[in-house]
Amino acid sequence: MHTDFWKLTTSTFFIAAAMYMLIPTMPEILSSVLELSQTQIASWTGMPGVSVFAFGLFCSYLIQRYRRNKVCILSTACMALTILATTYLMDEFLLKGIIQESPVFLLATRGLMGAFFGLSLMILSSTLTIDCCDSDHRTKANTIMAWTHLAAIPAGGSIGLLMVIESNIQNVLYTAMASCFIAIYIMSSIKFPFKAPEETLKRMSCDRFFVVSSLPIIIPNIAIGIVIGTVIICIRQMKEFAGILAGILLAILAIYIIFFRKSQTTKCKFTLCGGNHTTTMLPAIGYALLAASLILAIRALTVNPLLHLICMAASGAAATILLSVHHSCFIETADHCQRGSALSTYFLTLELGISIGLFTSLMTAAPQNPVCEFTTDNIYYILLTSSIIAALSYFFITKKYISDKIERNM
């Protein structure tokens with residue numbers, strides 16, 4: 001694949017990592033230092049799940065009216081500025097003791113942060129990646145981009161925890177902002193040819209934003225996102241993030257060896273959607289790993305820490321397998337010229353699910369100490385319910401939808 005693609009992949013990693021550096025660190029600070037309520041903390045943490053959709057209807061217009069790479073760079077710069085604004089607001093509120101107004105301003109900046117993050121993610125995944133790859137390699141490129149986004153979640157979280165341990169929350173925010181500027185620097189080195197806009201350019205459209213007909217895939221995608229959000233908000237140690245990242249990388253390696261290389265040697269199209277071994281067996285393996293991690297890791301946390309880490313890796317591998325299948329299904333079931341919209345739908349609904357998991361977990365924590373723990377029954381029930389919904393919806397709704405859609409498109 002082209003060098004520019006790997007630059008875009010690296011940029012995606014830094015942007016997503018910047019977003020997730022704040023997840024394991026900010027809720028406790030908002031509670032202990034700024035003394036925000038449980039609802040305010042949960043709302044701040046889960047706000048991006050809603051605001052990532054803010055620019056969706058305008059995405060197609062923006063990237064056609066202006067140069068698409070410049071829009072992405074500007075959006076990422078605005079995301080960095082919202083992180084800087086969060087740092088400033090926290091300092092101001094602490095120095096002046098303004099507690100009553102602080103939730104409103106912090107929630108507003110968090111919402112803008114999620115909105116610009118969503119716009120950058122949509123442009124990177126649905127437009128820039130497609131533009132810099134040959135048609136024969138686009139599905140593989142899109143899959144690698146999805147893996148990069150997923151790996152950035154535990155990587156960003158571990159960086160955030162490290163910065164808090166070694167310094168303070170302000171440096172976490174500065175590191176997140178620096179991560180955005182690194183992504184901007186990398187994207188600035190890529191040259192994209194000018195593309196003339198469509199003759200009838202609409203200011204608002206679902207193009208490159210959302211595929212409503214993909215609802216049967218959206219449901220399990222959101223449910224797995226809830227599982228991810230619930231898990232990462234409970235993590236308090238870097239080794240737990242390391243376990244999840246190890247599981248993600250192992251699953252990526254397995255899929256690469258079994259499916260990527262096979263498609264290269266046989267000259268067949270790469271897909272994880274279509275055929276019994278991918279549509280049924282691969283998700284079955286993913287859900288089996290997820291069930292094992294739920295049964296063993298959460299209940300055995302205080303008994304055997306090593307077993308807990310192994311099962312954290314299993315949960316990371318399970319999420320990677322299942323989301324890889326979902327991602328491929330979004331692409332394969334999309335109608336003609338809907339690839340970009342399908343990819344945006346995957347990323348945005350995953351972010352929505354993660355934010356729902358974050359919000360729900362924080363709302364079920366103890367009001368006097370809104371810190372989530374794996375050992376609490378509420379967390380276990382959220383994970384169990386989300387996993388069951390994901391499995392049932394996939395095998396009884398999504399699977400049939402996929403086969404019918406592929407048959408119609410053939």
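Yeah, the Cβs are placed from backbone N, Cα and C, and that goes for glycine too.
Small disclaimer: the values here were computed from a predicted structure and weren't measured.
Taken from TrEMBL, the feature transmembrane segment applies to 5-23 (among others). Packing against the transmembrane segment (5-23) from elsewhere in the chain are residues 45, 48, 76, 79-80, 83, 113, 117, 120-121, 124-125, 128-129, 132-133, 141, 144-145, 148-149, 151-157, 159-160, 163, 172-173, 175-177, 179-180, 182-184, 186-187, 189-190, 232-233, 358: each is 6 or more residues past its ends and has a CB under 8 Å from a CB in it.
Sequence annotations record features per position, and here TrEMBL assigns transmembrane segment to 43-64 (among others). Same-chain neighbours of the transmembrane segment (43-64): 19, 23, 26-27, 30, 36, 71, 75, 103, 106-107, 110-119, 121-123, 126-127, 195, 197-198, 201-210, 233, 344, 348, 351-356, 358-359, 362, counting only residues six or more beyond its ends whose CB sits under 8 Å from a CB of the stretch.
For 71-90 (among others), the entry in TrEMBL reads transmembrane segment. Only residues 6 or more beyond the boundaries of the transmembrane segment (71-90), in the same chain, are considered here, and those with a CB under 8 A from a CB of the stretch are 11, 15, 18, 29, 33-34, 55, 62-63, 102, 105-106, 109-110, 112-113, 116-117, 119-120, 123-124, 128, 169-170, 173-174, 176-177, 180-181, 183-184, 187-188.
Marked as transmembrane segment by TrEMBL: 102-124 (among others). For the transmembrane segment (102-124), same-chain residues at least 6 beyond its ends with a Cβ under 8 Å from one of its own Cβ atoms are 8, 11-12, 15-16, 19, 30, 34, 36-37, 40, 43-44, 47-56, 59, 62-63, 68, 71-72, 75-76, 78-79, 82-83, 85-86, 89-90, 93, 145, 149, 208-209, 344, 347-348, 351.
For 144-165 (among others), the entry in TrEMBL reads transmembrane segment.
Annotated transmembrane segment per TrEMBL: 171-188 (among others), in sequence order.
Cβ atoms under 8 Å from those of the transmembrane segment (209-235) belong to residues 20, 23-24, 27, 45, 53, 56-57, 59-60, 122, 153-154, 157, 161, 241, 244, 290, 312, 315, 319, 322-323, 326, 329-330, 333-334, 338, 341-342, 344-346, 348-362, 372-374, 379, 382-383, 386-387, 389-391, 393-394, 397-398, 401-402 of the same chain, restricted to positions at least 6 beyond its ends. For 209-235 (among others), the entry in TrEMBL reads transmembrane segment.
Packing against the transmembrane segment (241-260) from elsewhere in the chain are residues 24, 140, 147, 150-151, 153-155, 157-158, 161, 231-232, 235, 270, 272, 278, 309-310, 312-321, 324: each is 6 or more residues past its ends and has a CB under 8 Å from a CB in it. Residues or ranges marked as transmembrane segment in TrEMBL: 241-260 (among others).
Feature annotation from TrEMBL assigns transmembrane segment to 281-300 (among others). With a cut-off of 8 Å between Cβ atoms, the residues of this chain six or more beyond the transmembrane segment (281-300) that come close are 227, 272, 307-308, 310-312, 314-315, 317-319, 321-322, 325, 374-375, 379-380, 383-384, 387, 390-391, 394-395.
Summarising the annotation, TrEMBL assigns transmembrane segment to 306-325 (among others).
Per TrEMBL, the feature transmembrane segment maps to 346-366 (among others).
Residues or ranges marked as transmembrane segment in TrEMBL: 378-397 (among others).
When the stretches 144-165, 171-188, 346-366, 378-397 are ranked by Cβ pairs under 8 Å to the transmembrane segment (306-325), first place goes to 144-165. Stretch with the largest number of CB pairs closer than 8 A to the transmembrane segment (346-366), among 144-165, 171-188, 378-397: 378-397.
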